[in-house]
Amino acid sequence: MSSFDVVVIGSGPGGYVSAIRCAQLGFNTAIIEKYPTLGGTCLNVGCIPSKALLDSSHHYHDATSHFKEHGIDIAGEIKVNFEQMIARKQGVVDQNVSGIKYLMDKNKITVLEGVGSFEDATHVKVTKNDGSSETIEAKNVIIATGSKPSSLPFIKIDKEKIITSTEALKLKEVPKHLVIIGGGVIGLELGQVYLRLGAQVSVVEYMDRIIPTMDASLSKELTKVLKKQGMKFYTSHKVKSVERNGADVKVEAENKKGETITLDGDYALVSVGRRPFTDGLNADKAGVKLTDRGQVEVNEHLQTNVSTIYAIGDVVRGAMLAHKAEEEGVFVAETIAGQKPHIDYNLVPGVVYTWPEVAAVGKTEEQLKEAGVQYKSGSFPFKALGRSRASMDTDGFVKILADAKTDEVLGVHMIGARTADLIAEAVTAMEFKASAEDISRMSHAHPTYAEAVKEAALAATDNRPLHM
Ligand code: FAD
C-alpha cells in the first residue's frame with residue numbers, strides 16, 4: 001500500500017495550492033481528483049471560463065458600441081461567432097488545467113484520478129471511473145472537495161433550459177431571454193455576458209438589492225450602470241415557481257405586496273448560491289463531523305475534530321472564493337509543518353468581474369454602523385479622472401472608510417474600470433494598517449485609474465481631493 005505524509009482530496013484552487021505548498025515543505029504528497037482534469041470548479045467551470053466569456057463579450061460590446069466613437073470604422077456587419085467564443089473559452093480552460101498538471105509533476109506530487117473516500121482516519125480509497133480502486137495510507141488528510149451549485153427545493157434543474165452556471169458556460173446558442181434567479185456575483189457576471197451578446201436579461205432577486213452582501217453604494221451604482229446597459233431587475237421578489245413551457249421557461253415571482261409577476265424566457269439560470277460538497281467522501285468513516293449546513297466543521301486552525309484531518313476552501317465556513325481557498329491551502333500545509341501561519345479573513349477581497357468591475361475589502365458602511373464604529377468616508381468618482389475620460393470608462397467611484405479618530409482605513413469599496421486589480425492596493429494598505437493619510441501621501445502614477453484611490457484617501461483624510 002502506498003503511504004503519504006499528506007493526501008489532499010480535491011484539486012481546486014484550495015487543494016492544488018495546498019499540495020504544492022506541502023511538497024515545498026518536503027512532504028511526500030498525493031492529490032486525488034475525481035475528474036480527469038485538475039483545477040476544480042474555478043478552472044473548469046468557474047472563475048476562468050466565466051472571465052474568458054466576459055472578455056470575449058466585452059470585445060464584442062466595444063466593437064459594436066464604442067469603436068465608432070474611437071474613430072474605428074469596420075466595414076460590414078460585426079457578428080458573434082458564438083461557437084468560436086465557446087471554443088476559445090474551452091481552449092483557455094484546457095491551457096490552465098494542463099498548467100496545473102505541469103505544476104503537480106514539477107513538485108513531484110502523486111496525482112490519483114478517482115473519487116476519494118475515507119475508510120478510516122488514515123486510509124483513503126480511490127475509486128476510478130471503471131470501478132477499480134486502490135487504498136492509500138495518509139499521515140495527514142486535507143479535505144478540499146469544494147462546492148456545487150445549489151437550487152431552491154421546488155426548482156428542477158434540467159440542465160437544458162433550467163440551468164446552473166456550469167451549463168451557462170457552454171450553451172449552444174445565445175438565449176433570447178435569459179431569466180436569472182439570484183442577483184449575486186455569478187448571476188450578474190453571466191448575465192452581462194449574454195446581455196452583451198444580444199439576449200434580454202431579467203434578474204430576480206429576493207433581497208432589496210443586487211450583490212446584497214457588498215456595500216450598498218456599490219449595489220446602487222452597479223444597478224444603475226447595468227440598467228443603462230439594458231438589464232432588468234426585479235428586486236424584493238421571491239421566486240415561486242420555475243417551469244418548463246415546451247422549449248421555453250416560465251418564472252413566477254411575488255413581490256412584498258403579494259403581487260405576482262411572470263417572466264417568460266427561453267433559459268432560466270439558477271444562481272442562488274453554492275453548497276459544500278462532501279458526497280462520496282464518507283467523512284463519517286473517519287469520524288469527521290459536518291455542520292448542519294453540510295460544511296466540514298473546522299477550528300481556527302482549519303483542523304477537523306480528527307486532529308490529522310484538515311479542511312479548506314468552499315467546503316468549510318467563510319466566503320466561497322478561489323483566493324480564500326488558496327490562502328487556506330497554504331495555511332494548512334504550514335500548520336502541518338509546525339509553522340504558525342495567519343489569515344486575516346477581513347482582508348480577503350471580494351470582486352465582481354462585470355464591467356465596470358466591483359471590488360471591496362474590509363468593512364462596509366452598513367457593518368460599521370451596526371457595530372457603532374465612528375468612521376469618516378471619502379469618495380472620488382472616476383469621471384473626474386483624466387485616465388477614465390481617455391478610455392471613456394467613466395462609471396463608478398472609489399470610497400474609503402476610515403476610523404474617525406485614528407484615520408486607520410477600515411474598508412475600501414470601488415466600482416469602475418480595472419477595480420479588480422486596484423483593490424490590491426487597498427489590501428496591501430490595510431494589511432499594513434495604513435491610515436487614509438498614508439495612502440493620500442503616496443505617489444500614484446498619472447494618468448492611471450489608481451489615482452482615484454489616492455483622491456478618495458485625500459477626501460477621507462481631510463476632505464481635500466485635488467481634482468474635484
Ligand atoms: P473546488 O474548486 O470546487 O474544487 C473541488 C474539487 O474537488 C473538484 O475538482 C471536485 O471534483 C473534487 N472532489 C470533490 N469530491 C471529491 C472526492 N471525494 N474525491 C476526489 N475529488 C473530489 N472565485 C473567485 O475567487 N473568483 C472568481 O472570479 C470566481 N468566479 C466564479 C465563477 C463561477 C461561475 C463559479 C461557479 C465560481 C466562481 N468562483 C470564483 C468561486 C470559486 O470557483 C471557488 O470558490 C473555488 O473553486 C473553491 O475552491 P475549492 O478548492 O474549495 O473547491
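Just so you know, glycine gets a Cβ as well, placed from its N, Cα and C.
In TrEMBL, annotation is done automatically, which means it is predicted and not curated.
Values in this document were obtained by computation on a predicted structure and should not be read as measured data.
As recorded in TrEMBL:
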- H446: active site, proton acceptor (ACT_SITE)
- K51, G116, T145, G146, S147, D314, M320, L321, A322, H323: FAD binding site (BINDING)
- G182, G183, G184, V185, I186, G187, L188, E189, E205, G273: NAD(+) binding site (BINDING)
- C42-C47: disulfide bond (DISULFID)
- 4-329: domain 'FAD/NAD(P)-binding' (DOMAIN)
- 348-457: domain 'Pyridine nucleotide-disulphide oxidoreductase dimerisation' (DOMAIN)
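Geometry remark: M320 (FAD binding site) versus I186 (NAD(+) binding site), CA distance 11 Å. In the three-state DSSP assignment, the secondary structure recorded for E205 (NAD(+) binding site) is coil. Within 10 Å of the C-beta atom of L188 (NAD(+) binding site) sit 27 other C-beta atoms, taking all shown protein chains into account. Here the Cα atom of C42 (disulfide bond) is found 17 Å from that of L188 (NAD(+) binding site). H446 (active site, proton acceptor) has K51 as its nearest neighbour among the recorded positions C47, K51, S147, going by CA to CA distance. Taking the mean position of the Cβ atoms of G182, G183, G184, V185, I186, G187, L188, E189, E205, G273 as the NAD(+) site, the remaining residues of that chain whose Cβ falls within 8 Å of it are I180, G191, V203, I210, I211, S271. With a CB cut-off of under 6 A applied against ligand 1, the recorded positions C42, G184, I186 are reduced to C42, I186. Its Cβ taken as reference, G184 (NAD(+) binding site) is surrounded by 21 other Cβ atoms within 10 Å in the chains shown.
Closest to C47 (disulfide bond) by Cα-Cα distance, out of the binding-site residues G182, G184, I186, is I186.
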